[in-house]
Amino acid sequence: MESKGSWTVADAVDYKGRPADKSKTGGWITAALILGIEVVERLSTMGIAVNLVTYLMETMHLPSSTSANIVTDFMGTSFLLCLLGGFLADSFLGRFKTIGIFSTIQALGTGALAVATKLPELRPPTCHHGEACIPATAFQMTILYVSLYLIALGTGGLKSSISGFGSDQFDDKDPKEKAHMAFFFNRFFFFISMGTLLAVTVLVYMQDEVGRSWAYGICTVSMAIAIVIFLCGTKRYRYKKSQGSPVVQIFQVIAAAFRKRKMELPQSIVYLYEDNPEGIRIEHTDQFHLLDKAAIVAEGDFEQTLDGVAIPNPWKLSSVTKVEEVKMMVRLLPIWATTIIFWTTYAQMITFSVEQASTMRRNIGSFKIPAGSLTVFFVAAILITLAVYDRAIMPFWKKWKGKPGFSSLQRIAIGLVLSTAGMAAAALVEQKRLSVAKSSSQKTLPISVFLLVPQFFLVGAGEAFIYTGQLDFFITQSPKGMKTMSTGLFLTTLSLGFFVSSFLVSIVKRVTSTSTDVGWLADNINHGRLDYFYWLLVILSGINFVVYIICALWFKPTKGKDSVEKENGKGFSVEDC
């Protein structure tokens, strides 16, 4: 007969704070409710982002480069706010409350955007042929910004906790549930892609043919329904107690090491402080040895409690395990930095590539494809790549190499190569499009929009590899207690990629334009040299790839009993190159 403990999850509780009963809490039913709210979040955020540049240019009458930067700043802020959401979830609210609060904020943002696009007072008058267009007023732009950044705030809070709360529904100490958890992560990205697919097809079509206010209204109602369904699972969820922000631990280790910076390290690590010497979870490493000084025991490091027990002051003394956990986070940074450029190239797919599409012939018979819906090829590439990888590449790789698939670092490398190829394809197509534009006076150029498919497909396939590779890398190579933070760190690569795009657009616009020359990024892309901008990204991506390979070769996974769940092939070697 099984003990009562075998039917409960050791580190989880139910909604009343009791040990979580496996038969009554968690599992696929609750995970499905969580996946549902993520699908709606993707539907809303991507449905707005992929078609926003056309609204800003055609309705709000803003210049091309300004419109592109508004979109990338919006997306960048969305992912940057994941850090705020992760901090609140870890330190105060917990994942359940964080998801509930921030999903409500996102619903308010989409509702406000629906109103902003509906009321004539909140947008400039329509342009008539031959007349100068009146740009949006400061008040109209303020309303738009408030709506967008409410959505960004909601997205940031949601994304920081949604995958973690989903994994909380499975017990990683139960082999059966651990297998379900792995399947959950595999399907998590699939559901994200499905939400994006609905956004770039159904929602974008509604925006162009029915009205943006109706489309955004549907997003608002969908999120409201998803929130209600999510809350219906309150009694069935498994909850993990907040353990405090790992940011505090990082600062404690740094502060203790700085305090003892002039002290000499002992010859042997046995003289360094450890909470439980018999249960060291992470092997000591020689990298970043200056941080080891935080574990040197010195006078004044211990304080007496009221019971007379001596305990270490965490700002003066850290254990070897805590120091090694901080080292693990530091080791992630070079890989983190060299994946940012991918998301800069990704940003072009929802800004300038959509603008390119708006000038090209988009008809299939009598049906005219919305410019924003061209990103369907981007999403299709992701889904096809994931299917081919799961069904063909992984079995072949396992048979040939004896490994379950490409390592996380190998997948990231493949993603970087594909995105570079995608930008090269984009530059070549833009050269062709510009040559047609010079010889044509038509508003819609006599060139098929399907010439853009290769760039969407290559960057989309690249995302399938790099997103799953990054997620795997940042989760498996981070300390157990810092996985929410490491997920947030991963998502900041998306954020910074969008911000780098905005920065490059602004710099290129300023450097290449003069009083007599519109430069590379003209208000009308038919008069500029967008292809030069794409070639610039190809060069930057190539340089970044070389740096990435160096960083990947330098990276050494930390060995430990509990901190890192390693599989064959998680490392990176010269052979992997």
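A Cβ is built for glycine as well, from the same backbone N, Cα and C atoms used for every other residue.
Going by Swiss-Prot, these are the annotated features:
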- 28-48: transmembrane segment (TRANSMEM)
- 74-94: transmembrane segment (TRANSMEM)
- 96-116: transmembrane segment (TRANSMEM)
- 134-154: transmembrane segment (TRANSMEM)
- 183-203: transmembrane segment (TRANSMEM)
- 214-234: transmembrane segment (TRANSMEM)
- 332-352: transmembrane segment (TRANSMEM)
- 369-389: transmembrane segment (TRANSMEM)
- 409-429: transmembrane segment (TRANSMEM)
- 447-467: transmembrane segment (TRANSMEM)
- 488-508: transmembrane segment (TRANSMEM)
- 535-555: transmembrane segment (TRANSMEM)
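By the Cβ criterion (under 8 Å, sequence separation of 6 or more), the transmembrane segment (134-154) is in contact with the transmembrane segment (96-116), since 3+ such pairs are found. Residues 49-50, 53, 64, 67-68, 71-72, 75, 375, 378, 409, 412, 415-416, 419-420, 422-423, 426, 455-456, 459-460, 462-463, 466, 470, 473-474, 477-478, 486, 489-490, 492-494, 496-498, 500-501, 504, 525, 530, 533-534, 537, 540-541, 544, 547-548, 551-552, 554-555 of the same chain lie 6 or more positions beyond the ends of the transmembrane segment (332-352) yet place their CB under 8 Å from a CB of it. Where the transmembrane segment (183-203) meets the stretches 28-48, 96-116, 214-234, 488-508, the count of C-beta pairs under 8 angstroms peaks at 28-48. Looking at which of 28-48, 214-234, 369-389, 409-429, 488-508 has the most CB pairs under 8 Å to the transmembrane segment (74-94), the answer is the stretch 488-508. Residues 15, 29-30, 33-34, 36-37, 39-41, 43-44, 47-48, 96, 99-100, 103-104, 106-107, 110-111, 113-114, 117, 203-204, 206-207 of the same chain, all 6+ positions outside the transmembrane segment (214-234), place their C-beta atoms under 8 angstroms from a C-beta of that stretch. Packing against the transmembrane segment (96-116) from elsewhere in the chain are residues 34, 37, 41, 44-45, 48, 85, 88-89, 122-123, 143-144, 146-158, 160-162, 165, 212-214, 216-217, 219-220, 223-224, 226-227, 230-231, 234, 237, 239: each is 6 or more residues past its ends and has a CB under 8 Å from a CB in it. Within the same chain, residues 335, 338-339, 341-342, 345-346, 348, 353, 356, 451-452, 454-459, 461-470, 472-473, 531, 534-535, 537-538, 541-542, 544-545, 548-549, 552, 555, 569-572, 576-577 sit at least 6 positions outside the transmembrane segment (409-429) and bring their C-beta atoms closer than 8 Å to a C-beta of that stretch.
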